[in-house]
Every structure is written in C-alpha cells, then in structure tokens.
C-alpha cells in the first residue's frame, strides 16, 4: 500500500474497494462487473451482451461489405438501423420496468449517489430490478428519442469509419488495420453503452449535478468529431494534410478510453464555455466573464461587432465603429440597470439631498451620473481622435519609421510603458520581481497613521500611474491603431478580427494592451526599414493577437513549470510530504524529463490545470475549463453565524481592494488571479472573475484560519495558485 508519510495510507481499504468498483466502470463506459456483493451470472452476461451489441451489428455490416454484397454506405446504414432498433428496445424495456416496479424517475431531481452502495435482489434475468440495475433509463422523454437516434447514427457512421478497406488504404498493412479495427470497436462500444444503457461516472466533471443528462453525450461527441474529419478526407481531392490527420486520428481514436478515464477531455458544457472564453479573450479582446449568461451574451455581441467590421465598406466607419464598440463593451453595462433602479428608489423615498451614501453596487465601481458623464466624454474624445487621425494621416504612408505618422506615437508608447511599469514597481515592498528591497517603501510601521503619512508619496505616484494608464495610454494606442496601414486592406477576416480585438483591448485591459503594443513596436524598430516576410503581411491587429496569445501561454508555462519543480523538491525536502516511494518517483521524473516537460507545455498550451496525481509528483493534464473554475453562480453562500461579520466587512474590503487595484500595489491583476486576505482568525479567499475599464468583479469565499490550516495539513500539497497575502488593518475594516 502506498503511504503518505509514516502512517497515513494514500488509499484506505474502503477507498480501494470503491476505486476498483468505480474505475473499471468509468473506463468501460458504464458496465458494472464488480459489485461488492454476490450477483447471479446473468447480470454480468446481460451487461456483456449489451456492451458488444454495437460490435455485432457493425460486424454484420462490415462482413457484408467485405463479401461485396453491399456497398459501404448501405452497410453502414444497415448497422445504424439495427442499432437504432436495439436502442429503442432497451429504452422501451427500461420504461416498462420502471412502470412495473411502481417507481417514477424524477424529472429534475438529483440522482441517488448512494445507489452504488445498495444491494439489489435479483429474481430473474429480465425482472424489473435487473432491468433497472442494468439500464436505469432516461429522465426526459426528449432524451429517450434523441439518445436513441444518436445511438443509431453513431453505430452507422462508426461502422463506416472503421471499415477494413478504409483502414488498409490508410496504413497499407492488413495486420495494422486489424489491430486498429478491433480496438476502435472497443471505443465505439464504450461510447454506445454510455449513451444508451448506463452512463458512467466521468472523471472529468464540471457540473455538480447532471440535471439535463448532458454527460451521456460527451463520449459520442468526440467520436463524431473524429468521424467528421475522416469524412472531410474522404470527400476531398487528395489533400495530403487531411490524409495525414486522418491517419493520426485513427490511432488517437484507439486511446480515447484512456483519455476519458484520465479526465483529459472536457465535458460538453466545459468545452463550449472554454472555447467561447478563449475566443472572446484572445480573438475578440474581451475578458473572462463572471457567469455563463454574461459569457454567452458578451461573446455573441463581440462576434457581431467583428462581423459588422468585415462588412462596413468605409475604413473611417470601421475605425469609428470599432472605437465606440470597444469602449462600450469594456464597461460593465449591467450596472446601468442597477443605477436606474437606484434612482427610482431614491426618487420614491425623497432622498435626493439626504447625503446618505449610495449602496455598493459592485466591487471596485459605483456607477453614477458623474461616471456616466465621464465615460460619455471619453467616448466622444476617443471617436473624434480616431476619426480625425485616420482621415488626415491614415493614408499618408512612408517607408521611413521616423517620418511615418506612427513614428512619434511609437516612442510615446515606449515612454508611457516605462513610466507605468516604474510607478507600479515602486508600490510594493520589493522591486524587480522581488529581488531587491524598495528604498521608497516605508521601513517602519509603528502605527497606521505614521505608515499612511510615510506612504503619501507612493499614493501620489499611484495617482500619476492611474492617469497615465487609464487616460493617456488608451488615446495613444488609439492614435497608433487609427494610422495603421493595415486598415487599407481591411476586408479580410483576419484583419477585421485583429483590429476589432485591438480597439477593444485598449479599454478592456489597458495595461496588457500597452505591453503587447510595445512588443510590436520594438519588433518594428528592430527590423528598421526591412520587410519581415510573413510578419508584416499579418497586419498590426493580428500581430497584437499573436503577441498576446504567446505572452499568455508563456506566462502559464513558466508558472506551471515553477509549480512542477516546487512539488518535486518539496516531495523530498518536506517530511510530511515524503513518501516511501519519493526517491523512486524523483528518479522516474528525472529520467523522463522530456515527457514531464511535454505535459507542462501541453497544459500551458491548452490553458488547462496541471494536476499532481494523489498529490504525488506524477503530473497529468486536467481538462480545459473556464478560468472561474466552477460553474455555479457567484454569491452562493452557506448561512452561518459569521455571515453578518463578513457582510459588514464587505464594503470596507471593497474599498481597500479598489485602492490596491488602482494603485498597482498588487501587481498586474488579471482574471484568474487569487488572493488570500487575513484579519486575526478571519480569512477571505478572493478570486478575480472579470475586469474591464473602471470595474473589477471578484468572488470572495470566507473561511476561518484554523479550518484552512487543517485542510492544507490534510492535503499535504502545494496549491497551484498565485498566493498574495493582503494585510488589511483594523482601520481599513
């Protein structure tokens, strides 16, 4: 037995028994061949027959095709029709058994999580208890029809996908084709069983409850993706790239059960949300959203802006529309409704001149009439600047970097970036990544008043930085984009998307956009008057997109590489983390360091979590998911006696966070960052969910310090988070 430390087992006896019951079920897609109690043989035989039924029907179609009695298409249709009939029979039998047993499946109720621990009394092979144990049935009538149809389509297309003639044409070897044929049908049987008979407990779980039965569709979806690429290769005219992709994917298809079991492939909802978030952030210049509804709406609107930019005939119209849309979408427009309701309440209660403070609408931003006037003024000035510069200087191009209209703006961007970076660095106790002590930071802290007095100079520097970053830099970046020569070749998809993202990022994330623009400027200055093949033809918008994506993935790679090294080192140096197998695992990681590095790189490329298996230095790639890490809505809390304290603290904590974010004393705060705040025995866990121009949405989890310490001691692991301690004084609270 593997142990964590001297006496603590990694898996106790109960967990080992549960693991060996659940893991084979997950691998095979749902069959339960290990129950923990005695069961008649027909229970296992029925499950085995249902598991191999798709292979039987696919084998019939394959045999008829090999004997040249049917063409490939008709053989696939025959297999799919037989599977459809079998799936309909299984669903009808499950419904009949549910009615005979007098039970009604709750339509929106949660599944019984203890059903695996219950011992079932079987009477005969087709009794209602046996049928309900093997095929529990669906909760929705629509899913009965949908899953049955998909089972037939999956079997038909799967048969067509793994025809022996097709595999032989791909690999040119009968032996290799037979191996791929057999293992591919195992994958298809696993997906069919999970879809139509009994859904497996998936390792990759995103939702707490599968209310609408989305989990059974996960495995068939990935098979349909593989089949779609193979069909594209079949009907294309000998495209070498597609043929190579088809050969590779047929091999990967064999390993799909392993990927499903390890939880590498995301569920449908997580995959969709992750894809939209990545497209919104890196393709359209937005920010990760704090809820699914906001993500869907923002993605749809941002995509509509990019489409409009593609079809607007005038470049001046594109500049004006992109500038205005980018500014408006970077604001938290949901607070407009809050402002209107707040004004109606104030009007009803006659409290216009009472002097009472307005309630806190959201963390870091109170939208009022003054803010609306400020944003309206910024919008008008930005549009006027963009329109005038593009109209008078946009078409004036020169080969000399100095005489170009963008020349002075390039150097202005470099100066602004240097000043903003320097003013942000001096806000902390250490500078240059924590290497040196900040000489400007107050040395002593005898009381709060003296600390604030000594800190007055840093507050002035923070105010200057805020003006430069949020008022001066956006207009400098808009000037740079408005005079860009790529606007002359606007009507291409890449240029339209790139410029839409660039004009949006100026406001959505001014600090990141400034850094990306400085990198592009430095590349241009380094190249001089020479033309960089393949780079200059991309256009500034696409260049900024690639730079932003590369910088994000590089930062993730470095952070996860640091986490990997930390886990490896502490697994030996920390006594509580040192296992009996620590030396063996370290030697294994050292000998397989290219594989470990590839896992870290894959995790960074997919923006997916890097998971140490059972806290051991064995690293796996988690499934990609949105940055907020959980699907539930923000604001869900468990009532407890301490809730009143945290509610009273929230306003002052919001004010302290707003000041810290604006001054830059917490560094570059981006969505996905975590902070840990402590006040005596109270602790708050803060995560940045969403950030735009003038607002920041955070989620706060509260926990007592001794509970948090107990959790960390029990886990014996390092957390893969950005840990920053916020020391909030009594006066600030």
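Every residue, even glycine, has its Cβ placed from backbone N, Cα and C.
The stretch that TrEMBL tags with transmembrane segment, taken from the ranges 338-362, 413-437, 438-462, is 413-437.
Segment annotation: TrEMBL labels transmembrane segment over residues 372-393 (candidates 218-239, 372-393, 482-503). From the options 595-621, 622-648, 649-675, the stretch TrEMBL describes as transmembrane segment is 595-621. TrEMBL lists transmembrane segment at one of the ranges 115-132, 277-294, 295-312, 313-330, namely 295-312. Check TrEMBL against the ranges 11-34, 251-274 and you find transmembrane segment recorded for 251-274.
Ranked by Cβ pairs under 8 Å to the transmembrane segment (73-98), the stretches 42-61, 140-163, 251-274, 595-621 are led by 140-163. Of the candidate ranges 169-191, 295-312, 413-437, 169-191 contributes the most Cβ pairs within a distance under 8 Å of the transmembrane segment (140-163). Sequence-distant contacts of the transmembrane segment (413-437), counting only residues of its own chain at least 6 positions beyond either end whose CB sits under 8 Å from a CB of the stretch, comprise 458, 461-462, 464-465, 468-469, 472-473, 476-477, 480, 511, 514-515, 517-518, 521-522, 663-665, 667-668. Sequence-distant contacts of the transmembrane segment (595-621), counting only residues of its own chain at least 6 positions beyond either end whose CB sits under 8 Å from a CB of the stretch, comprise 2, 4, 10-11, 262-264, 274, 278, 552-554, 556-557, 560-561, 563-564, 567-568, 571, 577, 579, 581-582, 585-586, 589, 715-717, 720. Listed as Cβ neighbours of the transmembrane segment (169-191) (distance under 8 Å, sequence separation of 6 or more from its ends, same chain) are residues 27-29, 51-55, 58, 154-155, 158, 161-162, 219-220, 223, 243, 246-247, 250-251, 253-254, 256-257, 260. A Cβ distance under 8 Å defines the sequence-distant neighbours of the transmembrane segment (251-274), meaning residues of its chain 6+ beyond its ends; these are 23, 26-29, 180, 183-184, 186-187, 190, 202-207, 214-215, 217-219, 221-223, 226, 292, 295, 607, 620-626, 631.
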